[in-house]
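First comes the structure, then the notes that go with it.
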C-alpha cells in the first residue's frame, strides 16, 4: 500500500454495516430487462477489460439472462496491457502473443536473442511481463507464502469505503479495502461481487512460463451477491496490487456483460401461408403453425407399420414421450406437474443446433420416402449448422454455413435431429438436389409444442382465487430440453444402464413425434387435389377438435386454450380430469379446515354474502335508532317541557303586572 503510517495486515477488516449497505444499493438498481420472457436465450459474452476499458479476455455462450456465471480465467499480464510501465506491456495490444525472448543466459556468456535477466531479482520496478523469465518470477511472487496479491472493489463499494481512494491508488489507498485475493492474511468479504485466486499452481505455471506463454492465469468467480446484481452490462471495476516489499505495484481491471439477441424466430418450409399468419405487430414474431394432426396412429418402436390408432392414443403417446424425456433430464420438475397440448398452432418447434452429420455415397435407410415430411416448421430458434445457399432472411439461424462439394452423396442428420429445409423436414439431404435447386437446410432438434405448468398455477386457475397482474410465462419442452440432443441424450450418456435408459426414453419421444407427423403427412397427401396451402392450414387447425374430444372424454383438463395432463413420478395420469377434481377437492378441504366458522359460513353460502351486504346498512341504522332513540326522545321532551314552562311563567308574570297597575290607579283615586 502507499500509506506509510499503516502496517500490512494479517486479516481483512470488514465493516459490519457492509452487507446492509450493499443490499440497499442493489435494491435501488433497475435491472436490465430484455424481452418479456425470462427464459429467452441470448448470446452472452463476459468480457474482462484492462484499465483503458479494452477487452483483453472474453468467453461467449447462449443462455437465458442472469443464469450463466462461468469462471473467468484471464492472465494477470493481460490485465496489465497498456498499464503502468513497471509491467512492461504499456505498448502491447490486446490479444497479442506474449513478448519474448523465450530463453535466457547468465551474466557471463550471452546468447543472441536471449534475455539476460534470468538471475536478476524481481524488484518493485522490474518489468514483470515483458519476458518469459520475468513472468516466471511474477508467478513465484503470486504463489509465495509471504507474497501474493490482493484486490479492492471500485465504485460499486459501499459508502463507508470512500477512504479506499480511486483509480490512482487502484482503489486500495488504505488497509481494509481489500475484499479478495491470494495473500497470507486471506482477504475476504461478505458483500463483494467476485473472488480472485490463482488458476495454476506454481509447479504448473513453471513449464508454461518457460514455453513463452501467458502463465499467470487467474480464476475469477462470481459470489452470491455478484449473481444477484443485474448491472453487469455497464460493468464493474477493481484494483489489483501485488504484495511485495516496498511499493505495491498495481493495475485496474473490469468485468462487463455483453448481451446480444440470439435472433428472431424464423419459419422454414414450403408453405408461405403459414409464415404470414403471425401478427406483424408483435415485437417477437408469434408462432405460426407447423404440423398437426387429423388421422391417428399408435407409437410402437419396433413395428415398421404400426396399426392405425385413435386420436387418444396418438396424442397421449406424444405427451408420454415428452414426460419421459423431461423426467430423465429434470426429475425435480416431474414430481408433480401438468403437461399441456396447445389447441392453436404451432404444434412443433425447432431448435437449431451444431452437429456432425454423416456422409454417405448411397442413400441410408433413414432416407426412405416414409420419413420425409413436406411440412412447414414455422418456428426455429437458436443458431446451428446450415447447408446450401441460405438467404439473408434466414442467415440469423446459422452459426456455421457449409458449402457442398462436387459429387452425389447424402448427408444424414445425427440421431435425434433432422434437417429443416425450404422444401420440408427430412432426416437426410441429397447434395445433387441442393446443386440443382436453391434449397437450403438447417440442422434442428424437433420438439412437440408441449407446455409445462406447475400444479399451483393450474389449481389457482380453476379456483379463481389468484389474480395475476401479468400472465406467467409458459415453459415449453423446447425451452426445457432444447440442445440436449447434441449434449448426449441421443448418443447415450457414458456407458451402461444410464445410457440405455436415456436412449430408449428419448427414442420413445422421437417415435411418437414421427407417428404424429406421419399421420399429418398422410392427410395432406389425401388433400393434395385442393389448394396445398389452404389444406395444410385447415388440417393443422383440426388439432383443436382432437383436443376437444380428449376433454369431453375426461382424459385432459381444459385450461384456457390448452389440454392438460397430470403427471408425477409414477407417470402420466390417464384420467386427468378426475385427478384435477380430486386435487381441487383436497385443496378445498384443506382451505376450509384452516378457516374459522365465520369465514366458512360465507364461503359455503355465496348468496349469504350478498344478502348481508344488502341489509347491513338498514340494520345498523335501525340498531342505532333503538339504542339512542329513547335517550334523544327524552331529551327532546324535556327540552319542550322546559320551553313550555318558561312561556307559562312569562304569561303569569305579564298578568301579575297588569293587576298591580289597576290596583295602583284605584288607590290614587
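Cβ coordinates come from backbone N, Cα and C, glycine included.
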Candidate ranges 428-464, 465-501, 502-538 [criterion: Swiss-Prot lists as coiled coil]: 502-538
Stretch carrying motif 'YXXL motif' according to Swiss-Prot (options 656-659, 660-663, 664-667): 656-659
386-402, 403-419, 539-555 - the range that Swiss-Prot marks as region 'Immunosuppression': 539-555
Segment assigned the feature transmembrane segment in Swiss-Prot (from 612-632, 633-653): 612-632
For residue 77 (disulfide bond), the number of other Cβ atoms found within 10 Å of its own Cβ: 26
Of 152, 172, 209, 215, 398, 563, i.e. the disulfide-bonded residues, those within 10 Å of residue 164 (disulfide bond) when Cα atoms are compared: 152, 172
Rounded distance in angstrom between the Cα atoms of residue 172 (disulfide bond) and residue 428 (disulfide bond): 61
Residue among disulfide-bonded residues 77, 209, 398, 556 with Cα closest to the Cα of residue 152 (disulfide bond): 77
Candidates 129, 398, 556 (disulfide-bonded residues) with Cα within 10 Å of residue 421 (disulfide bond): none
For residue 209 (disulfide bond), the three-state class that DSSP assigns: helix
Spatially closest candidate among 177, 209, 337, 556, 563, the listed disulfide-bonded residues, to residue 77 (disulfide bond) (Cα to Cα): 209
